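In TrEMBL this protein carries:
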- 1-21: signal peptide (SIGNAL)
- 27-85: domain 'Partial AB-hydrolase lipase' (DOMAIN)
- S163: active site, nucleophile (ACT_SITE)
- D336: active site, charge relay system (ACT_SITE)
- H364: active site, charge relay system (ACT_SITE)
Amino acid sequence: MDGSFSLVILIIFSAISDTSSNGILTTKTIKKFGYPNENHKLTTDDGYKLSLHRIPSKRSNGNVTREPVLLIHGLLCSSSMWVVSPFKNKSALAFNLADDAYDVWMVNVRGTTLSRGHKKKNISETAYWDFSFHEIGLYDISKTIDFVLHKTGSNNLNVICHSQGCTSLLVLLSLRPEYNEKVSSAYLSTAPVFLHHTTGMLARIVGTELEEVVYSSLKNLGIHMFQVVNSFLTESVRNLCTTAYDFCSVMFAANVGPFMKSFNEKRMFFFLLDDVIDNSSVKQFTHYLQLIRNKRFRMFDYGYYKNKAIYRKSIPPEYNLKKVAIPITIMRPISDPFSTREDLRLLMKKLSTVQDMIELPGNHIDYFYDPRTLNKMKTHIIESFKK
């Protein structure tokens, strides 16, 4: 759901959602609807242990062999976002793709419930959580692409990403342009890269005025990650949003956009909290807040002295989007405060290979779960893959 959420709304969500079962939710849902399922493990070059889910092509579809499709979730999410539905049916995108004979792969990036291991670092250590979308792109996505291509014997794959997943993909392609040869095309469903015009209330306030204060305060308090599995806070805030839902609804809409009219809003709200939300690091959110404050798509800003030590300059380097060479389709939810037309136009100026920008109903996340919107999106995705 992603990296563009404000820091405050994250705290609300992390308090509400008890995702202790999210680790098995993806596998359980795949099996529930009778699809083949594979679970895979890999270790990144910097030692993080990741998990992947695979739904091999369910039918031959006229003996057509399709390239694998990699689904990359956003911040505060995991692979479950691609298979669950508020209607408890198999309308989710991963199943749509599998039914169309695609070989579907879903990664769980570092820090999520199923990808919390490391060769040397303990998850209770601050050092474990020292990552943002930069490391996810540079290490997690690169290793996942190589793993999928090795396992399938394919030379290329297609990518569908959501929010932070898209940010991370662009980081990888700009820093390691050789990966442009491994990705046939990418479908970016929201792409928070330039956030100059974000209308997310708390993200804008914190990002423009309080980012440094919030980050340093949390760091001084020893808070380096947002653990969404917390039974005490879960019950406390769940009770609040059950008895005073209007307050939670206003806060949600002000930060990620209003729900579509086709949904039972309260049901959708708790569905996201129960089945979609997952863990994140504080640094992930801070990096996005820096994008808002600095109005640049650049690496993490550690401050003058540490920047000099790491980057050999006082200001972090910008990601060179001119090195991104794959065909790209961008999907913009019209009610998403983190996908404004102005910001996406700027992104399209930086990217030379954007084939199309599509606008569909929805806020930052709910469009994945509206059957009509999802069907339109699937049609666009398949068309973009064929171009």
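Every residue, even glycine, has its Cβ placed from backbone N, Cα and C.
Taking all protein chains in view, 30 other C-beta atoms sit within 10 angstroms of the C-beta of S163 (active site, nucleophile). Rounded to a whole number, the distance between the Cα atoms of S163 (active site, nucleophile) and D336 (active site, charge relay system) is 11 Å.
For H364 (active site, charge relay system) paired with S163 (active site, nucleophile), the C-alpha to C-alpha distance reads 8 Å. Across the range of the domain 'Partial AB-hydrolase lipase' (27-85), the DSSP-based residue counts are 10 helix, 18 strand, 31 coil. Following the DSSP three-state reduction, the secondary structure of D336 (active site, charge relay system) is coil.
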